(Lines of atoms letter the chains of each structure in order from A and count residues from 1; the text may use other names and numbers.)
(Lines give C-alpha, C1' and ligand atoms only; values in the text may rest on other atoms or scores of the structure.)
Protein backbone atom coordinates (compact mmCIF):
# COMPACT_ATOMS: atom_id res chain seq x y z
CA UNK A 1 0.00 0.00 0.00
CA UNK A 2 1.05 3.68 0.30
CA UNK A 3 4.08 4.59 2.38
CA UNK A 4 3.45 6.42 5.70
CA UNK A 5 4.72 9.65 4.13
CA UNK A 6 2.32 9.39 1.20
CA UNK A 7 -0.56 8.39 3.45
CA UNK A 8 0.12 11.44 5.61
CA UNK A 9 0.10 13.70 2.61
CA UNK A 10 -3.16 12.18 1.36
CA UNK A 11 -4.75 12.52 4.77
CA UNK A 12 -3.82 16.20 4.81
CA UNK A 13 -5.42 16.69 1.42
CA UNK A 14 -8.55 14.67 2.16
CA UNK A 15 -10.56 17.33 4.08
CA UNK A 16 -10.30 19.78 1.19
CA UNK A 17 -11.15 17.03 -1.26
CA UNK A 18 -14.17 16.03 0.80
CA UNK A 19 -15.44 19.62 0.86
CA UNK A 20 -15.43 19.58 -2.93
CA UNK A 21 -17.51 16.40 -3.10
CA UNK A 22 -21.31 16.73 -2.96
CA UNK A 23 -23.15 15.23 0.02
CA UNK A 24 -24.17 12.14 -1.98
CA UNK A 25 -20.54 11.05 -2.00
CA UNK A 26 -19.29 12.48 1.30
CA UNK A 27 -20.44 9.45 3.24
CA UNK A 28 -17.87 7.33 1.44
CA UNK A 29 -15.02 9.84 1.32
CA UNK A 30 -13.58 8.82 4.68
CA UNK A 31 -12.35 5.49 3.29
CA UNK A 32 -11.46 6.80 -0.17
CA UNK A 33 -7.75 6.12 0.32
CA UNK A 34 -8.36 2.42 1.02
CA UNK A 35 -8.43 -0.38 -1.56
CA UNK A 36 -11.97 -0.07 -3.00
CA UNK A 37 -12.22 -3.85 -3.47
CA UNK A 38 -11.69 -4.66 0.20
CA UNK A 39 -14.83 -5.81 1.97
CA UNK A 40 -17.00 -5.87 -1.14
CA UNK A 41 -18.51 -8.64 -3.24
CA UNK A 42 -18.20 -8.01 -6.97
CA UNK A 43 -21.59 -8.14 -8.68
CA UNK A 44 -21.17 -10.14 -11.87
CA UNK A 45 -21.79 -8.54 -15.26
CA UNK A 46 -25.21 -9.96 -16.24
CA UNK A 47 -24.53 -9.60 -19.97
CA UNK A 48 -21.39 -11.68 -19.77
CA UNK A 49 -23.07 -14.29 -17.60
CA UNK A 50 -25.76 -14.65 -20.28
CA UNK A 51 -23.15 -14.88 -23.06
CA UNK A 52 -21.23 -17.62 -21.24
CA UNK A 53 -24.39 -19.59 -20.47
CA UNK A 54 -25.39 -19.50 -24.14
CA UNK A 55 -21.87 -20.50 -25.20
CA UNK A 56 -21.81 -23.50 -22.88
CA UNK A 57 -24.97 -24.82 -24.52
CA UNK A 58 -23.13 -24.91 -27.86
CA UNK A 59 -20.26 -27.09 -26.59
CA UNK A 60 -20.74 -30.81 -27.28
CA UNK A 61 -17.65 -31.99 -25.37
CA UNK A 62 -18.93 -32.56 -21.84
CA UNK A 63 -15.62 -31.93 -20.08
CA UNK A 64 -15.02 -28.71 -22.01
CA UNK A 65 -18.60 -27.61 -21.34
CA UNK A 66 -18.13 -28.24 -17.63
CA UNK A 67 -14.96 -26.17 -17.59
CA UNK A 68 -16.60 -23.41 -19.64
CA UNK A 69 -19.46 -23.19 -17.17
CA UNK A 70 -16.97 -22.08 -14.54
CA UNK A 71 -16.26 -18.88 -16.45
CA UNK A 72 -19.74 -17.67 -15.51
CA UNK A 73 -18.57 -17.25 -11.92
CA UNK A 74 -15.76 -14.82 -12.78
CA UNK A 75 -16.60 -11.09 -12.40
CA UNK A 76 -15.94 -9.20 -15.64
CA UNK A 77 -16.28 -5.47 -16.31
CA UNK A 78 -19.31 -4.02 -18.11
CA UNK A 79 -18.23 -1.92 -21.10
CA UNK A 80 -20.12 1.33 -21.67
CA UNK A 81 -18.85 1.69 -25.24
CA UNK A 82 -21.97 3.45 -26.48
CA UNK A 83 -24.61 5.71 -24.96
CA UNK A 84 -27.32 3.14 -25.63
CA UNK A 85 -25.87 0.91 -22.90
CA UNK A 86 -26.39 3.39 -20.07
CA UNK A 87 -29.97 2.20 -19.34
CA UNK A 88 -28.52 -1.31 -18.90
CA UNK A 89 -26.15 0.11 -16.31
CA UNK A 90 -29.13 1.40 -14.36
CA UNK A 91 -30.77 -2.03 -14.51
CA UNK A 92 -27.62 -3.78 -13.27
CA UNK A 93 -27.04 -1.30 -10.45
CA UNK A 94 -30.62 -1.84 -9.33
CA UNK A 95 -30.02 -5.59 -9.30
CA UNK A 96 -26.79 -5.13 -7.33
CA UNK A 97 -28.59 -2.90 -4.85
CA UNK A 98 -31.32 -5.51 -4.41
CA UNK A 99 -28.68 -8.22 -3.90
CA UNK A 100 -26.98 -6.12 -1.23
CA UNK A 101 -30.23 -5.62 0.62
CA UNK A 102 -31.25 -9.27 0.46
CA UNK A 103 -27.84 -10.78 1.26
CA UNK A 104 -26.39 -8.18 3.56
CA UNK A 105 -23.21 -8.25 1.47
CA UNK A 106 -21.84 -4.95 0.17
CA UNK A 107 -21.84 -4.99 -3.62
CA UNK A 108 -19.35 -3.55 -6.12
CA UNK A 109 -19.99 -3.16 -9.84
CA UNK A 110 -17.19 -2.74 -12.41
CA UNK A 111 -17.54 -0.61 -15.54
CA UNK A 112 -15.41 0.60 -18.45
CA UNK A 113 -15.96 4.18 -19.60
CA UNK A 114 -15.10 3.98 -23.29
CA UNK A 115 -16.71 6.43 -25.70
CA UNK A 116 -14.32 9.29 -26.44
CA UNK A 117 -14.95 11.26 -29.63
CA UNK A 118 -12.57 9.99 -32.33
CA UNK A 119 -11.86 7.01 -30.09
CA UNK A 120 -8.88 4.73 -30.85
CA UNK A 121 -7.14 7.50 -32.73
CA UNK A 122 -4.15 5.38 -33.79
CA UNK A 123 -6.13 2.30 -34.79
CA UNK A 124 -6.49 1.22 -38.39
CA UNK A 125 -10.24 1.26 -37.87
CA UNK A 126 -11.81 3.33 -35.09
CA UNK A 127 -15.13 2.03 -33.83
CA UNK A 128 -16.33 5.00 -31.81
CA UNK A 129 -19.74 6.62 -32.18
CA UNK A 130 -18.71 10.27 -31.65
CA UNK A 131 -16.67 12.57 -33.86
CA UNK A 132 -14.83 15.66 -32.61
CA UNK A 133 -15.92 17.54 -35.71
CA UNK A 134 -19.58 16.68 -35.09
CA UNK A 135 -20.32 17.96 -31.59
CA UNK A 136 -18.19 15.19 -30.11
CA UNK A 137 -17.17 16.86 -26.85
CA UNK A 138 -20.71 17.89 -25.98
CA UNK A 139 -22.02 14.43 -26.86
CA UNK A 140 -19.36 12.85 -24.66
CA UNK A 141 -20.17 15.08 -21.71
CA UNK A 142 -23.83 14.14 -22.07
CA UNK A 143 -22.80 10.46 -22.06
CA UNK A 144 -20.88 10.98 -18.82
CA UNK A 145 -23.79 12.92 -17.31
CA UNK A 146 -26.11 9.99 -18.02
CA UNK A 147 -23.70 7.56 -16.35
CA UNK A 148 -23.43 9.82 -13.31
CA UNK A 149 -27.22 10.12 -13.07
CA UNK A 150 -27.54 6.34 -13.20
CA UNK A 151 -24.96 5.74 -10.47
CA UNK A 152 -26.40 8.49 -8.27
CA UNK A 153 -29.63 6.49 -7.91
CA UNK A 154 -27.81 3.66 -6.09
CA UNK A 155 -25.36 5.23 -3.61
CA UNK A 156 -25.00 1.98 -1.66
CA UNK A 157 -23.48 0.14 -4.64
CA UNK A 158 -19.78 0.82 -5.01
CA UNK A 159 -18.66 1.41 -8.60
CA UNK A 160 -15.12 0.89 -9.91
CA UNK A 161 -14.33 2.24 -13.38
CA UNK A 162 -11.56 1.82 -15.92
CA UNK A 163 -11.45 5.12 -17.75
CA UNK A 164 -10.95 5.25 -21.52
CA UNK A 165 -8.69 2.40 -22.66
CA UNK A 166 -5.83 3.45 -24.98
CA UNK A 167 -6.60 7.18 -24.78
CA UNK A 168 -3.72 8.57 -22.72
CA UNK A 169 -1.28 5.95 -24.01
CA UNK A 170 -1.94 7.17 -27.54
CA UNK A 171 -1.06 10.69 -26.40
CA UNK A 172 2.27 9.44 -25.10
CA UNK A 173 3.45 7.57 -28.19
CA UNK A 174 1.22 8.33 -31.18
CA UNK A 175 1.02 12.09 -31.60
CA UNK A 176 2.78 11.61 -34.93
CA UNK A 177 -0.54 10.14 -36.10
CA UNK A 178 -2.54 13.12 -37.31
CA UNK A 179 -5.82 11.89 -35.86
CA UNK A 180 -4.20 11.58 -32.41
CA UNK A 181 -2.58 15.00 -32.67
CA UNK A 182 -5.93 16.49 -33.62
CA UNK A 183 -7.63 14.70 -30.72
CA UNK A 184 -5.10 15.50 -27.98
CA UNK A 185 -6.83 18.52 -26.49
CA UNK A 186 -10.30 16.98 -26.70
CA UNK A 187 -9.12 13.71 -25.16
CA UNK A 188 -7.65 15.54 -22.17
CA UNK A 189 -10.71 17.73 -21.72
CA UNK A 190 -13.14 14.83 -21.98
CA UNK A 191 -11.18 12.48 -19.71
CA UNK A 192 -10.86 15.26 -17.13
CA UNK A 193 -14.61 15.84 -17.31
CA UNK A 194 -15.27 12.12 -16.81
CA UNK A 195 -12.97 11.92 -13.79
CA UNK A 196 -14.37 15.05 -12.17
CA UNK A 197 -18.02 14.10 -12.66
CA UNK A 198 -17.67 10.44 -11.68
CA UNK A 199 -15.92 11.52 -8.49
CA UNK A 200 -19.05 13.42 -7.43
CA UNK A 201 -20.89 10.11 -7.06
CA UNK A 202 -18.01 8.26 -5.43
CA UNK A 203 -16.80 6.17 -8.38
CA UNK A 204 -13.33 4.74 -7.85
CA UNK A 205 -11.38 5.28 -11.05
CA UNK A 206 -8.33 3.74 -12.69
CA UNK A 207 -7.21 5.58 -15.82
CA UNK A 208 -5.99 3.22 -18.51
CA UNK A 209 -2.18 3.10 -18.71
CA UNK A 210 -1.52 0.83 -21.67
CA UNK A 211 0.73 -2.12 -20.87
CA UNK A 212 4.34 -3.20 -20.49
CA UNK A 213 4.82 -3.60 -24.23
CA UNK A 214 3.55 -0.09 -24.90
CA UNK A 215 4.45 2.39 -22.16
CA UNK A 216 6.79 0.01 -20.32
CA UNK A 217 9.70 0.77 -22.64
CA UNK A 218 12.21 2.93 -20.72
CA UNK A 219 11.89 5.88 -23.09
CA UNK A 220 8.13 6.02 -22.56
CA UNK A 221 8.03 5.84 -18.76
CA UNK A 222 8.79 9.47 -17.87
CA UNK A 223 6.49 11.02 -20.49
CA UNK A 224 3.72 8.65 -19.37
CA UNK A 225 4.21 9.48 -15.70
CA UNK A 226 4.13 13.19 -16.45
CA UNK A 227 0.91 12.90 -18.44
CA UNK A 228 -0.89 10.73 -15.86
CA UNK A 229 0.19 13.05 -13.05
CA UNK A 230 -1.01 16.01 -15.06
CA UNK A 231 -4.45 14.43 -15.37
CA UNK A 232 -4.44 13.73 -11.62
CA UNK A 233 -3.63 17.31 -10.65
CA UNK A 234 -5.87 18.81 -13.34
CA UNK A 235 -8.87 16.96 -11.92
CA UNK A 236 -8.23 18.09 -8.35
CA UNK A 237 -6.23 15.13 -7.02
CA UNK A 238 -9.48 13.46 -6.03
CA UNK A 239 -9.19 10.49 -3.66
CA UNK A 240 -11.57 8.70 -6.02
CA UNK A 241 -9.03 8.93 -8.85
CA UNK A 242 -7.39 5.86 -7.35
CA UNK A 243 -4.76 5.12 -9.96
CA UNK A 244 -4.11 3.28 -13.21
CA UNK A 245 -5.23 0.13 -15.02
CA UNK A 246 -2.75 -1.89 -17.07
CA UNK A 247 -2.92 -4.61 -19.72
CA UNK A 248 -6.59 -3.94 -20.49
CA UNK A 249 -7.78 -6.34 -23.25
CA UNK A 250 -4.18 -7.49 -23.70
CA UNK A 251 -2.26 -10.70 -23.09
CA UNK A 252 0.79 -9.87 -20.97
CA UNK A 253 1.61 -11.92 -17.89
CA UNK A 254 1.58 -10.32 -14.46
CA UNK A 255 4.95 -11.89 -13.64
CA UNK A 256 7.25 -14.25 -15.48
CA UNK A 257 10.65 -15.85 -14.99
CA UNK A 258 10.90 -16.58 -18.72
CA UNK A 259 10.50 -13.42 -20.82
CA UNK A 260 8.72 -13.85 -24.14
CA UNK A 261 11.23 -13.41 -27.02
CA UNK A 262 9.06 -10.61 -28.43
CA UNK A 263 9.90 -8.52 -25.34
CA UNK A 264 13.63 -8.48 -26.12
CA UNK A 265 15.13 -5.06 -25.42
CA UNK A 266 12.49 -4.04 -22.88
CA UNK A 267 13.64 -4.54 -19.29
CA UNK A 268 10.01 -4.24 -18.17
CA UNK A 269 8.82 -7.43 -19.84
CA UNK A 270 5.82 -8.15 -17.61
CA UNK A 271 3.14 -6.04 -15.96
CA UNK A 272 4.63 -6.07 -12.47
CA UNK A 273 7.99 -4.84 -13.76
CA UNK A 274 6.19 -2.10 -15.68
CA UNK A 275 4.26 -1.02 -12.59
CA UNK A 276 7.35 -1.06 -10.40
CA UNK A 277 9.22 1.09 -12.94
CA UNK A 278 6.38 3.56 -13.44
CA UNK A 279 5.29 3.99 -9.83
CA UNK A 280 8.24 6.00 -8.46
CA UNK A 281 8.06 8.34 -11.44
CA UNK A 282 4.38 8.92 -10.75
CA UNK A 283 5.11 9.67 -7.09
CA UNK A 284 7.87 12.08 -8.12
CA UNK A 285 5.26 13.91 -10.18
CA UNK A 286 2.74 14.02 -7.34
CA UNK A 287 0.53 11.04 -8.23
CA UNK A 288 0.62 8.24 -5.60
CA UNK A 289 -1.23 5.84 -7.89
CA UNK A 290 -2.41 2.34 -7.12
CA UNK A 291 -3.04 -0.19 -9.91
CA UNK A 292 -5.36 -2.88 -11.16
CA UNK A 293 -4.03 -5.39 -13.69
CA UNK A 294 -6.00 -7.23 -16.38
CA UNK A 295 -5.27 -10.96 -16.61
CA UNK A 296 -8.37 -12.25 -18.42
CA UNK A 297 -6.48 -13.66 -21.42
CA UNK A 298 -2.96 -13.97 -20.04
CA UNK A 299 -2.92 -17.68 -19.26
CA UNK A 300 -0.62 -18.64 -22.14
CA UNK A 301 2.54 -16.74 -23.12
CA UNK A 302 4.94 -16.81 -26.09
CA UNK A 303 2.09 -16.88 -28.61
CA UNK A 304 2.47 -13.54 -30.42
CA UNK A 305 4.66 -12.73 -33.39
CA UNK A 306 5.08 -9.16 -32.17
CA UNK A 307 4.28 -7.41 -28.91
CA UNK A 308 1.90 -5.05 -30.67
CA UNK A 309 -0.34 -7.90 -31.93
CA UNK A 310 -3.61 -7.62 -30.08
CA UNK A 311 -6.41 -9.07 -32.19
CA UNK A 312 -7.87 -12.48 -31.25
CA UNK A 313 -4.39 -13.90 -30.66
CA UNK A 314 -4.30 -17.65 -31.33
CA UNK A 315 -3.45 -19.98 -28.48
CA UNK A 316 -4.47 -17.59 -25.72
CA UNK A 317 -6.03 -18.90 -22.52
CA UNK A 318 -7.94 -17.45 -19.60
CA UNK A 319 -5.51 -16.29 -16.92
CA UNK A 320 -5.29 -15.53 -13.22
CA UNK A 321 -8.65 -15.07 -11.53
CA UNK A 322 -9.63 -11.70 -10.07
CA UNK A 323 -8.22 -11.31 -6.58
CA UNK A 324 -6.89 -8.77 -4.12
CA UNK A 325 -4.16 -11.28 -3.27
CA UNK A 326 -1.48 -9.69 -5.44
CA UNK A 327 2.33 -9.82 -5.58
CA UNK A 328 2.73 -6.11 -4.81
CA UNK A 329 1.22 -3.58 -2.43
CA UNK A 330 0.98 -1.29 -5.48
CA UNK A 331 -1.67 -3.54 -7.03
CA UNK A 332 -5.18 -3.30 -5.57
CA UNK A 333 -6.54 -6.23 -7.56
CA UNK A 334 -6.06 -8.59 -10.44
CA UNK A 335 -9.11 -8.07 -12.67
CA UNK A 336 -10.82 -9.33 -15.81
CA UNK A 337 -11.73 -6.27 -17.85
CA UNK A 338 -12.10 -7.84 -21.31
CA UNK A 339 -15.07 -10.22 -21.62
CA UNK A 340 -13.19 -13.24 -22.94
CA UNK A 341 -15.08 -14.60 -25.94
CA UNK A 342 -16.08 -11.24 -27.36
CA UNK A 343 -14.07 -10.62 -30.53
CA UNK A 344 -11.38 -7.95 -30.69
CA UNK A 345 -12.19 -7.25 -34.33
CA UNK A 346 -13.15 -8.82 -37.63
CA UNK A 347 -10.84 -10.53 -40.11
CA UNK A 348 -13.22 -9.64 -42.95
CA UNK A 349 -11.17 -7.19 -45.02
CA UNK A 350 -14.28 -5.81 -46.71
CA UNK A 351 -15.89 -4.79 -43.41
CA UNK A 352 -16.10 -1.08 -42.56
CA UNK A 353 -14.37 -1.68 -39.22
CA UNK A 354 -11.68 -4.03 -40.51
CA UNK A 355 -8.23 -3.75 -38.92
CA UNK A 356 -5.30 -5.54 -40.55
CA UNK A 357 -4.12 -6.82 -37.16
CA UNK A 358 -7.07 -9.22 -37.24
CA UNK A 359 -5.68 -10.91 -40.35
CA UNK A 360 -2.13 -11.42 -39.09
CA UNK A 361 -0.73 -14.93 -38.88
CA UNK A 362 -1.12 -15.04 -35.09
CA UNK A 363 -4.80 -13.95 -35.17
CA UNK A 364 -7.56 -16.57 -35.12
CA UNK A 365 -9.66 -16.44 -38.31
CA UNK A 366 -12.35 -16.06 -39.46
CA UNK A 367 -13.34 -13.59 -36.75
CA UNK A 368 -16.56 -11.58 -36.37
CA UNK A 369 -16.97 -7.87 -35.66
CA UNK A 370 -15.45 -6.38 -32.50
CA UNK A 371 -17.61 -6.96 -29.45
CA UNK A 372 -19.66 -9.77 -30.95
CA UNK A 373 -19.44 -13.32 -29.63
CA UNK A 374 -16.66 -15.49 -31.03
CA UNK A 375 -17.55 -19.03 -29.97
CA UNK A 376 -14.41 -20.74 -31.27
CA UNK A 377 -12.21 -18.24 -29.51
CA UNK A 378 -14.08 -18.65 -26.25
CA UNK A 379 -13.62 -22.41 -26.38
CA UNK A 380 -9.91 -21.95 -27.05
CA UNK A 381 -9.64 -19.61 -24.06
CA UNK A 382 -11.26 -22.26 -21.87
CA UNK A 383 -8.98 -25.00 -23.23
CA UNK A 384 -5.89 -22.91 -22.61
CA UNK A 385 -6.94 -21.57 -19.20
CA UNK A 386 -4.09 -21.34 -16.70
CA UNK A 387 -5.05 -22.07 -14.00
CA UNK A 388 -7.56 -24.47 -15.47
CA UNK A 389 -11.27 -24.30 -14.75
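Including glycine, each Cβ sits where the backbone N, Cα and C put it.
Automated prediction, rather than curation, is the source of TrEMBL annotations.
Listed in TrEMBL:
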{"type": "SIGNAL", "residues": "1-20", "note": "signal peptide"}
{"type": "BINDING", "residues": "79, 81, 211, 214, 250, 310, 338, 342", "note": "substrate binding site"}
{"type": "ACT_SITE", "residues": "120", "note": "active site"}
{"type": "ACT_SITE", "residues": "166", "note": "active site, proton donor"}
{"type": "ACT_SITE", "residues": "344", "note": "active site, proton acceptor"}
All-chain count of other Cβ atoms within 10 Å of residue 310 (substrate binding site): 22
Maximum Cα-Cα separation (Å), residues 79, 81, 211, 214, 250, 310, 338, 342 listed as binding substrate: 23
Residues that sit under 8 angstroms from residue 79 (substrate binding site) by C-beta distance, when 6+ apart in the chain: 85, 111, 112, 114, 339, 371
Site with most surrounding Cβ atoms, counting all protein chains shown within 10 Å, from the recorded positions 81, 344: 344
Distance, residue 250 (substrate binding site) to the residue listed as 'active site, proton acceptor' (CA atoms, angstrom): 10
Length of the line joining the Cα atoms of the residue listed as 'active site' and residue 338 (substrate binding site), in Å: 16
